[in-house]
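As recorded in TrEMBL, the features of this protein are as follows:
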BINDING   PRO89, LEU90, SER91, ARG92, GLY93, LEU94, GLY95, SER96, SER97, ALA98, SER99  ATP binding site
DOMAIN    60-142  domain 'GHMP kinase N-terminal'
DOMAIN    204-280  domain 'GHMP kinase C-terminal'
Amino acid sequence: MKWKDFTVTVPASTANLGPGFDSIGLALDLHLSIHVSQASEWTVRYNEESYQHLSGSSDNLIIAAAKKTAAAYGRELPPAKLEIDTDIPLSRGLGSSASAIAGGIEIADRLLGLNMPLKEKVEIGTEMEGHPDNISASILGGLTISYADGEELSIVHVPEVEIGVLILVPPTEFLTTESRGLLPEEVLHKTAVRGSMAANVLSAALATGDWNTAGRMMERDEFHEPFRKSRFPDFDIIRQACRDHGAYGSAISGAGPSLFIAAEKGKEEEIRQMLSERFPHYDCLLTKPSTAGIKAVQTVQ
Ligand SMILES: Nc1ncnc2c1ncn2[C@@H]1O[C@H](COP(=O)(O)OP(=O)(O)OP(=O)(O)O)[C@@H](O)[C@H]1O
Ligand SMILES: N[C@@H](CCO)C(=O)O
């Protein structure tokens with residue numbers, strides 16, 4: 001089977017935005033790029049040093065997602081060489097695993113000419129991730145609000161999001177599996193009702209672009225942040241400092257340990273300076289929402 005080399009690009013994502021736990025995702029302007037070329041066996045090469053310990057053989061998450069997609073269509077994939085560039089921090093709550101899964105799905109789609117509808121890509125990715133928040137944002141771009149129960153998948157997609165984004169990244173990894181282990185088995189009915197009220201107002205505010213309200217609701221989570229925030233040094237102090245400098249709001253990004261801060265466009269630099277001076281043990285990334293989702297283009301030689 002002969003095919004032309006191609007490159008798949010996938011945006012990073014921040015998930016939850018507070019009470020939108022496992023449901024809300026926002027694609028970010030940081031990217032995983034996978035250059036795919038013909039080979040006699042599967043190989044993976046990471047150009048980014050912090051990724052080089054990851055498996056380069058068939059248990060690699062990108063290859064596993066590609067093979068799972070092919071199997072769902074009763075097909076087998078030809079092997080390929082994957083060369084990877086990325087500026088998504090690994091295991092820091094910025095959807096690195098979802099971007100790898102989305103990349104694998106796109107590779108299978110392209111190699112086998114499946115022409116998969118976007119929703120099918122999100123369905124396979126959701127099955128692999130266990131929740132739709134990061135994967136739907138990585139595949140569709142923009143902001144996604146999803147419902148998934150294993151049978152039904154419903155997504156409301158808001159393609160354009162007009163904010164500035166700051167991400168505070170701590171130096172250490174925090175695996176999603178470990179972070180989910182901090183969550184309780186159950187929450188009280190009245191706690192769930194309050195959490196759901198916050199999530200409802202958050203979703204409506206996000207859909208109508210009312211970031212003042214969205215920012216306040218982002219900080220009203222009762223589903224996960226109270227159990228995770230101890231793993232984020234200075235969480236409450238940083239949140240207050242961001243508010244004092246005019247940020248709309250902040251939330252643990254995905255399963256953590258990074259913090260997502262939403263700010264009015266143009267105010268990000270002032271907040272970044274303050275954070276870098278007061279909390280130098282974190283890396284402060286300035287970024288923005290990504291309207292584009294996953295893309296595959298033929299590589300120009
Ligand atoms: N580019 C990649 N190639 C292969 N595997 C990857 C890649 N990116 C992430 N992974 C896998 O995903 C794991 C990290 O997933 P994890 O869910 O813990 O973090 P995250 O996705 O960055 O954070 P979050 O889900 O909170 O946004 C890595 O240990 C690795 O196994
Ligand atoms: N919603 C997920 C995102 C990280 O995968 C969580 O918070 O655990």
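Using N, Cα and C of the backbone, Cβ positions are placed for all residues, glycine too.
Annotations in TrEMBL come from automatic prediction, not curation.
Of all the binding-site residues given, namely PRO89, GLY93, GLY95, the one with the smallest number of surrounding CB atoms inside 10 A is PRO89. Taken in sequence order, the binding-site residues PRO89, SER91, GLY95, SER97 that lie near ligand 1, meaning a CB under 6 Å from one of its atoms, are SER91, GLY95, SER97.
Listed in chain order, the extra residues whose Cβ falls within 8 Å of the Cβ center of the ATP site residues PRO89, LEU90, SER91, ARG92, GLY93, LEU94, GLY95, SER96, SER97, ALA98, SER99 are ALA12, ILE88, GLY254. Here the binding-site residues are SER97, SER99, and the one whose Cβ sees the fewest other Cβ atoms within 10 Å is SER97. Within 10 Å of the Cβ of SER91 (ATP binding site) there are 19 other Cβ atoms, across all protein chains. When pLDDT values are averaged over the domain 'GHMP kinase N-terminal' (60-142), the model yields 97. The DSSP breakdown of the domain 'GHMP kinase C-terminal' (204-280) into helical (H, G, I), extended (E, B) and coil residues amounts to 41 helix, 9 strand, 27 coil.
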